[in-house]
Each structure stands twice: as structure tokens, then as C-alpha cells.
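The annotation domain 'DUF112' is assigned in TrEMBL to B:18-442. Residues annotated as transmembrane segment in TrEMBL: B:20-47, B:107-130, B:136-157, B:164-182, B:202-222, B:319-342, B:362-381, B:388-408, B:414-431, B:438-455, B:467-487.
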Amino acid sequence: MTTRESTDASAAVPTPAPRRAPSGAVADVVLTVLLLALFGWGFLEAAQWSFQAALFPRIVTGSAFVLAALHLVHALLRLRRRAALTSDGSADTLAAEAEAEADADADDAVQLFRTAGPQRWAAALGWVVGFFVLLFVGGLFVTAPVFSLLYLRFAGGRTWVFSAVYAVVTGVVLYLAFEVALGVPTPPGLFLN
Amino acid sequence: MLTDALSGLAQVFQPVPLMLMLLGVAIGFVVGILPGLGGAVTLALMLPFTFDMQPVEAFAFLLGMWVVTSTTGDITSVLFGVPGEATSAATVLDGHPMTKRGEGGRALGAVLLSSALGAVFGALVLALSIPVIRPIVLAFGPPEFFALTLLGLTFVVALSGQRLLKGFVMAGLGLMVALVGLDPQEGVPRYTFDQLYLWDGIGIVPLVVGLFGGAEVLQLMLSRRSIARAEPGAAPDTSLAGVGQGVRDVFQHWGLVIRSSAIGTGVGIVPGLGGSVAQFMAYGAAQQSSKTPELFGKGAVEGVIASGAVNNAKDSGSLIPTIGFGIPGGAGSAVLLSAFLIVGLNPGEEMLTTSLDVTFSMIWVTVLANFIAVAAAFLLLKPLTRITFISGPLLVPFLLLLLALGAYTANNSFADVLVMIGAAAIGVACIRYDWPRVPFLLAVVLGSLAERYLFLSHSLFGWSWLARPIVLAIGVVMVLAVVTPVVRRVRARDRGMRDQKIEETA
């Protein structure tokens, strides 16, 4: 729903329909609670160590716990304020706030990560997982051509010939650079490990 | 001293040292572009080749290679958002958004020229500091080093702007990650979950590669478009016009170049702080002094200039304690120190008196190698910027391979690849939910240093170190770094409310 649409809707209906809190505000609360738990665990874990080993971790985790708690309060207040605005029917205020937030974060990556649907996310993550599993099993010099070929053919929609040429060139360039010229070790794969 | 300086220059221009320097520059150029293969690693790999060389030949080869990796590491940061070096991470923040806007040429022009100027500045400071190295370095003890680490962190948290609290929380998370591993005092395993791999702590290279590069590659996979985008209907702008603009930007912000170079040289002098710290400190200082701080992180050319200038200046800075005391300023200068010993040079008095011409030859090499690398990079700019207009799916396999290699080659361990994947997930979550990544990264870099210097300070001075003049001065700068943006924001809000009231009454 665009800002324009939401504004029009609020003008037509006297009592606006209840809105859900923006996902960013809820995510802030969830992430802060997770971090709070992590810092709390870190602080308690340090109790098992000697004074010297535990001093700096306790300073760090203790301070971080307090800061995360402050942020949690801040995030909860923000959620409550939004809820109050919703119940007051201040849809315009919320719309303006959402617009301001969108302007503040007018970054391609933010928008893309927000708007990409589950199918695109699943496909992208599937390819990533496939790549790293192949890398672990087959090593670099198998993964480079095989993944390039499959990704370009099926995700990139290129022809078999183009994909094959790209795959071979990538494999050869990496082999020459890392194996022949620099002699730097690369992931060998499960069978050569 | 002038005679020694001229003698050093003449020695560099002998055929053999000159050829070796060009060879070193060529190797450094390629290595700098490849993610994960840092300058220090390359120096270590090439060190055995210098066994039979004369001192000037060895330094022409090694230094020529080392200083160039810093320059070319910025190229992948700008074009692909994958830092070629850990010390190029800050360049990603503004350089890559500029590339996405189709201003890759301008960003590269700015970062390359500021790199060259930073190198000249650093070399000049190195030459001028030779008579006064000792008192400067001796003025800094563990308390001052500790204060500097906190200053670096404060600068970066202050970068979080309106998300100051989030910045502090992320810095806390970064410090906690830095604590993973064996405790440096007693060898107690901390947060290691009984995993041997974690005893050494979490590597900075896989973290940097994942945090920044991972998110960029995922973005390309989701969008399936090129990195840079031309206006709809317009042809992609791969001309060199943007480069000229980038060069002009550098001259327009000459004060920023000098300030960032000074920060780079200053931090480089302090042993152990490293290039990442210097870069983020210069970046933070650039944002604080900018008239448009809100543009930082979204493609501000000032951020690119600051990151470029500091990167090369810090190399010369780290040579100061290496030459003066035999105390390396970082990993790269530690390998160079080995080269000193291999070719029979003793750091300290000998390099400042009887071998002063060799010392000056090193200074000349840092300047000349940088200019050669920058000239070569300028020649390659057109094809380089064209790469960013290539369709996203074509780049994905190559970039994924670079990510994996960047992470793996740090320690030749697949566990580092897993760390990189974890860092990429954190990076994506940070972007998606608007949490700052940079304070996290810098806290990881600074965590172990901060702990070490805190312990040393307390052991040597109790709590009286807090009253040392340099510590107090750094403390004041830290307070200003946090308070200034807050005051600026409050003032801007008040001004906005005043304007609104005036509009309402009118």
C-alpha cells in the first residue's frame, strides 16, 4: 500500500482499521531481546573464569547488557507510541512517519531485502547453500566451473554454450592465479582433504 | 640528510632496483584486487626471493608490492562492495553506493588520487620525522594506546547518527566476538564452545568479507540486475568523465586529504593499531567535519576520499617505529622487519645514521610505487567501470568464488568460510533492520587490543594512568565526538520546529 493510498483511505473512513506495527519496530524489539539474552549469557559465563580472564568480558558484556536494555525500553516506547497513534486514529501521522522512515532509508539494498518475495529469497538462498555445499565437497576447482555452468544456465537464463565457456574460463583463471602463479592453498574438497 | 635523500633516489633508479620495483608493483596490483590476500601475506610469500638481494633491491621489490596492495584493494571495494583488503572496508561504505548510482568512475578517480596524495604525505612525514622519531614514539605507552583504541571505537559509534544506541549495542556485540578465544593473560578458553578452531579467535578477514561482500552478492542474486544502473533509456555511463570529477573532488577537499593522511600516519605510528582502525577514524572524522554528514554511507565522495588517503599514509606511518625502534606497526611492517634482518640491516640508530641512504630509498619507493600503481589503475579505469554494468547473474558465480577464496585464504581453513557465511547473515540482517555494521566490525578489530592495553595500563600504573595528559586529551576528543553530532541534531530539530511555527503563524 502506498502512502497516497493510506492517506486517502483514512480520509474516507472515520475510524481507521487497526494497523500492525511496522516490521522494523517489531524486529528492533526481537533483535534487542536476543542480544540482551546473549550479553546476559556472556556475563554469567564469565563467572566460571578467574578474575583476570573474566574482568574485561564482564565489563564488556555488563555494559552491553545495560545498553541493550536501554535500547529495548526505547524500542518498546516506540511501539507503544505507534499503538497510541493508531488508537487515536492518527493515520496521517503514521503515514507521514512511515514516509519519513522510507526517505531516511532510501537505500536499494534495504528496499530490496524488504520487498523480495519468499520465492526469490528461497531461490537465492538455495543457490548459496548449493554453492557452499559443493565447495565443501568438491573443492574450488570443481565448484568454479560446475556452479558457474548451472547458475548461468538456470538462474541466469543463458545458453548452454555461453554458460560452458564462462565456466571453463572461470575455472582456468582461478587455477592459473591461485594454483600456478601464487601457489596459495584453496578449498580442496572432501575427497582431497 | 639531503645528500642521503638524493643518494637514496639515485639507488632506486638503478636498472635492477627499478625493474624489481615494477615487478613488485605488478604483483601488488593483482594481489590487492584479489580479496583476502593481504599485503602482509604476499610479503611473507615473497620474502624468500629477497635472500640474495642487496638492501635497496629487496626494499624496492617488497615495499613496491606492499604499498600498492592498499591502493588496489580499494578498487574491488568501490566496484563490487567486496573489500580487497581488510583495510579497504571503509571504502565500501560510500564507494560502492556511488558505483550503484553509476558513479563508479568518479569514486575510483577520487580514491586513487587521494591514495597517491596520502602516500606522498605519509612519505614526507616519514622523512621529516627521522630526527625526532624517538621522543614521539616514547611519549606513547599502554594507557595512550588504550585511549586511542577507545577513540577509534567512539568515532565509529558516533557514525551511527540517529541510531547512536544501536551503534553502542553493536559495538558491544563486536567486542564480545573479539573476546572469543584464549584469554591472553592466563590461557583460559572464552566463549569457544569446546571448539579448537575458536581458540585462536575469529579472524577479521572472513568477517569483513562476509559482512560487506556477502550482503552485496545476495543483493545481486535477488535483484538480478547489474551493480550500477543507468537512467532508464540512457546508455550506461562508462566514460571517463566521472573520473575527472573524482579528481576535481579530491582537489576541492584538499583539507580532508591532509587531515585523513595525518590520521593515517599518526595511527600507523602506533604499533598494533593497524590500518582498519586508521581508516574508520579518518572516516568518522570526515563525517563529523562534513557539511552533509547525512550523505555518509549513501555515496558521499568525502567518505571515499578520506578512506583512500588514510590507507596509504598509514603504511609510511607504520615504517616510523619499524625503522626507529624495530617495533613493527602492523603485520606488513613485521614482515618487512624480517627483510631488514635478512639483508643485514639493524633497525634503530644504524638505519638513521650509517644506512640513512637506504632508509631514504625506502621512502622514495613508497612514493614512486604508488604513483606507478595509480597511473596504471587510471589506464584501466574504463574497462573496470564497464564491469559494473554487466548483468548481475553473470557476476554472481565469480563474486561467490571470490568471497569463498577471500575467507578461506586467510587461514586455509573451511571454518573461516563458515564464519564468513555467519558474518554475511549478520550483514544482511543489519541492512534489512537498519542496524549499523561498522561499529560491530571495528569493535572486533579493537577488542583484543583494548583488553591488552587496559591490563598493561592497570598493571603498570594502577588507575593513575587515567590522569595522564595525552589520555585526558584523547578523552576530551572522545566526549566531543559523541556530543557534537547529538548537539547538531538537537539544533537542527529546534530550527525545524521554529521554522514550522513561523510557517503556521504566517
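Any Cβ shown, glycine's included, is placed from N, Cα and C.
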Original post:
When each of B:107-130, B:136-157, B:388-408, B:438-455 is checked against the transmembrane segment (B:164-182) for Cβ pairs under 8 Å, which one has the most?
Top reply: B:438-455
Original post:
Hey, which of B:136-157, B:202-222, B:388-408, B:414-431 has the most Cβ-Cβ pairs under 8 Å against the transmembrane segment (B:467-487)?
Top reply: B:136-157
Subject >> Beyond the flanks of the transmembrane segment (B:414-431) by 6 or more, those residues with Cβ under 8 Å of it >> reply: 170, 197, 202-203, 205-215, 217-218, 403-404, 406-408, 437, 440
